[in-house]
Amino acid sequence: MATKLFPKFSQGLAQDPTTRRIWFGLAVAHDFESHDGMTEENLYQKIFASHFGQLAIIFLWTSGNLFHVAWQGNFEQWGADPIHVRPIAHAIWDPHFGQPAVEAFTRGGASGPVNISTSGLYQWWYTIGMRTNQDLYVGSVFLALVSAIFLFAGWLHLQPSFQPSLSWFKDAESRLNHHLSGLFGVSSLAWTGHLVHVAIPESRGKHVGWDNFLTQLPHPQGLTPFWTGNWAAYAQNPDSASHIFGTSDGAGEAILTFLGGFHPQTQSLWLTDMAHHHLAIAVLFIVAGHMYRTNFGIGHRMSAILDAHVAPSGRLGAGHKGLFETVNNSLHFQLGLALASVGTICSLVAQHMYSLPPYAFLANDFTTQAALYTHHQYIAGFIMCGAFAHGAIFWIRDYDPEQNKGNVLSRMLDHKEAIISHLSWVSLFLGFHTLGLYVHNDVMLAFGTPEKQILIEPVFAQWIQAAHGKAFYGFDLLLSSSSSSASSASQTLWLPGWLDAINNNQNSLFLTIGPGDFLVHHAIALGLHTTTLILVKGALDARGSKLMPDKKDFGYSFPCDGPGRGGTCDISAYDAFYLAVFWMLNTIGWVTFYWHWKHLTLWQGNVSQFDESSTYLMGWLRDYLWLNSSQLINGYNPFGMNSLSVWAWMFLAGHLVYATGFMFLISWRGYWQELIETLVWAHEKTPLANLVYWKDKPVALSIVQARLVGLAHFSVGYVFTYAAFVIASTSGKFG
């Protein structure tokens, strides 16, 4: 008999008489493949419709950002003096605030308590040509409408007559063409248009709005140079080095340039360089979007490209044969590829936002730079771990050995021992040597003989920096040598700006590196290789191992295979993912510690502190963590409070959540079952409480679920603790 209980998508679970019904129901709510009566076509349709919901949420969120800044922020005041005014994210209304708290949080020229924005939104909006609260309100309303349209589109595509067919979802060539040309190409072209028609004129003090955008020419010669082939005209007369952003002082006329380096006043990339970059990207991607064969029988078939990829030496077996069908029929494979790409891009965003700041005055807002770097690195870590999780699910659910005989996929499985053992060897080598150097240096400092430290100059990295034009090290080669052909070739184009930027100590482009950087670089390499080892081993052993050849029959996550098969605990692909996330967090901890400490000393003008203290572990613990958390911990104390108090509280709360994680990670199923049964007994024996009964028999979480709960608390607590530390220690010093 069908039951109406949760979960509706699984009658088997809905009829479970224990609390397992709830926990397992939550666990598989998004595992659409496993739901009752799910067909492949319906699966694709459900996921497709959910994408519209996702986009609606994103647009609503961005609309909210615009709305709150327009309503409660100080965008216009900030635009008048971006260096000295602190940008306001939104007002705070908190009935717990006493007078000291009200005063502490009233800043940025506001009349009451506010939060300061550390997202970089003010800098972005200002750079792209927004100047008034009115601009922000209009953008907010527009995005709210877009959000509503996407919600409607999601609903519409669930209606039978508007549900695309399975063949439409599997038409890879059409999808690639549209995504390359439309998503990347045309959107980049549109962005170039916005930069050229709105942002660049605004940066030169000319307002372009809905009232005059059709009459205000972005370039005095209009389209004439385009039609006559005199494209160089668009690069002539760029903004001068004395240009004051947002005014006509020192402004030029060029719209597409290749100046290199930064705008001296805003310390951000030249807007005209960025317009040129987006135009080039647009052309490339629009061309790329015409590569695959669809309607007119011209262009390439993807399956033909892949089938032709067979190494002539024969050493790679069947090469890419069979990959098209495998990838096109596996959502997990596609998701794995997408997550790996997006994760990598997200990490690249973190690196480039500070080294090549694209937004005006972003380089002057240290707290925002620290927040953006940390945010993008953590997000990248989680996303990239997800890539391997779905890769493992692909091996278990979607991989067909017959279809992939002898190709690169089957060869990965065939020599997985070599792959895993090499990763293991690299991790061991990096771990022992790096830790050995750090510990040796610690001991030397403890014994009062710092001169006996082992300090290794990163000569190869310095050589690479010199090749790119950094003169500090005295390597006379390539771009750091004025006589090299590399230097002379681009001297008139982008080099003057680039060389000026790379040799300027006020920015973060190619920071000077030494022995401390060498050590932490290898510590990070250790973390990356160990994380990769655990994830790759989990995926490559997901179908089976010598110990458990039939592992794939047990699915992605299983606790233990019962009595008589000892040693099958902890070896599911999920267990590998679970372990890898700890290593990922560990690694990103080292990455962000390094970035943050290096920059704190750079911004404070005492780089020697990092250089001298980063070569031994006590230096990191004492001069980075301890020294920089003291202000934060004193956000409130017996003598009062200041504006860091919220971060002090979050720092404590983060530690609490993090510590809760260990409770689930260390004590497993039996402990919880006994505890629950004791609580149930107490409940039943207590007057009043015994009037309340529940139908489900309480059953403790399985070890797989307890690990998820533990991991979630560990991760959330870890991120909250460090986020509070980064923002408080940076804003406490620089405001």
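The chain as shown is numbered from 1 upward.
Glycine residues also receive a Cβ, built from the backbone N, Cα and C atoms like all the rest.
Quick caveat, the model's predicted, so the values are computed rather than measured.
Under the three-state DSSP scheme, CYS560 ([4Fe-4S] cluster binding site) falls in the coil class. Summarising the environment of CYS560 ([4Fe-4S] cluster binding site), the number of other Cβ atoms within 10 Å of its Cβ, over all protein chains shown, is 17. Look at Swiss-Prot and you will find CYS560, CYS569 tagged as [4Fe-4S] cluster binding site.
For HIS655 (chlorophyll a B1 binding site), other Cβ atoms within 10 Å of its Cβ number 15. If you look up Swiss-Prot, you'll see HIS655 marked as chlorophyll a B1 binding site.
Summarising the environment of MET663 (chlorophyll a B3 binding site), the number of other Cβ atoms within 10 Å of its Cβ, over all protein chains shown, is 14. The feature chlorophyll a B3 binding site is assigned by Swiss-Prot to MET663, TYR671, with sequence analysis given as support.
Sequence-distant neighbours of TRP672 (phylloquinone binding site) (same chain, 6+ residues apart, CB-CB distance under 8 A): ALA700, LEU701, ALA706. Sequence annotations record features per position, and here Swiss-Prot assigns phylloquinone binding site to TRP672.
The transmembrane segment annotation in Swiss-Prot covers 47-70 (among others) and is backed by sequence analysis.
Positions annotated as transmembrane segment by Swiss-Prot: 136-159 (among others).
Per Swiss-Prot, transmembrane segment is recorded for 176-200 (among others). Outside the transmembrane segment (176-200) by six or more residues, the chain places 127-129, 208, 213, 216, 218-219, 255-256, 271-272, 274-275, 278-279, 281-286, 288-292, 294, 302 with a CB less than 8 A from a CB of the stretch.
Residues or ranges marked as transmembrane segment in Swiss-Prot: 274-292 (among others). For the transmembrane segment (274-292), the list of distant contacts is 172-174, 176-182, 184-186, 188-189, 191-192, 195-196, 199-200, 235, 255-258, 299-302, 358: same-chain residues at least six beyond its ends, Cβ to Cβ under 8 Å.
The feature transmembrane segment is assigned by Swiss-Prot to 331-354 (among others), with sequence analysis given as support.
Under the heading transmembrane segment, Swiss-Prot lists 370-396 (among others), citing sequence analysis as support.
Positions annotated as transmembrane segment by Swiss-Prot, on the basis of sequence analysis: 418-440 (among others).
Residues or ranges marked as transmembrane segment by Swiss-Prot on the basis of sequence analysis: 518-536 (among others).
Marked as transmembrane segment by Swiss-Prot on the basis of sequence analysis: 576-597 (among others). The list of residues near the transmembrane segment (576-597) in space but at least 6 beyond its ends in sequence, with Cβ under 8 angstroms from a Cβ of it, reads 354, 370, 373-374, 377-378, 381-382, 384-385, 388-389, 392, 517, 520, 523-524, 527-528, 530-531, 534-535, 537-539, 541, 610, 614, 620, 623-625, 628, 707-708, 711, 714-715, 718, 722, 726, 729-730.
Residues of the same chain lying 6 or more positions beyond the ends of the transmembrane segment (644-666) and with a Cβ under 8 Å from any Cβ of it are 101, 104, 629, 631-636, 706-707, 709-725, 727-728, 731-732. What Swiss-Prot lists as transmembrane segment is 644-666 (among others), and the listing cites sequence analysis.
The transmembrane segment annotation in Swiss-Prot covers 708-728 (among others).
Taking the Cα of CYS560 ([4Fe-4S] cluster binding site) as the reference point, the closest of the binding-site residues HIS655, MET663, TYR671 is TYR671. Across 136-159, 331-354, 370-396, 418-440, 708-728, stretch 136-159 shows the highest tally of CB pairs under 8 A with the transmembrane segment (47-70). Among the binding-site residues listed here, namely HIS655, MET663, TYR671, TYR671 has its C-alpha nearest to that of CYS569 ([4Fe-4S] cluster binding site). Cα of MET663 (chlorophyll a B3 binding site) to Cα of HIS655 (chlorophyll a B1 binding site): a distance of 13 Å. With a threshold of 8 Å between CB atoms, the same-chain residues lying at least 6 positions outside the transmembrane segment (370-396) that come near it are 118-120, 330, 332-333, 335-337, 339-340, 342-344, 346-347, 349-350, 353-354, 531, 535-536, 538-540, 542-543, 552, 555-556, 573-574, 576-577, 580-581, 584-585, 587-588, 591-592, 595-596, 599, 715, 719, 722-723, 726-727, 730. Remote same-chain partners of the transmembrane segment (136-159), defined as residues 6 or more beyond its termini with a Cβ less than 8 Å from a stretch Cβ, comprise 45-46, 48-53, 55-57, 59-60, 62-64, 66-67, 69-70, 73, 75, 125, 130. Counting residues 6+ beyond its ends, the transmembrane segment (418-440) has Cβ neighbours under 8 Å at 412, 453-454, 456, 519, 522-523, 525-526, 529-530, 532-533, 536-537, 540, 615-617 in the same chain. Only residues 6 or more beyond the boundaries of the transmembrane segment (708-728), in the same chain, are considered here, and those with a CB under 8 A from a CB of the stretch are 27, 118, 367, 370-371, 374, 378, 382, 578, 581-582, 585, 589, 592, 596, 628-629, 631-632, 635, 644, 647-648, 650-651, 653-665, 701.
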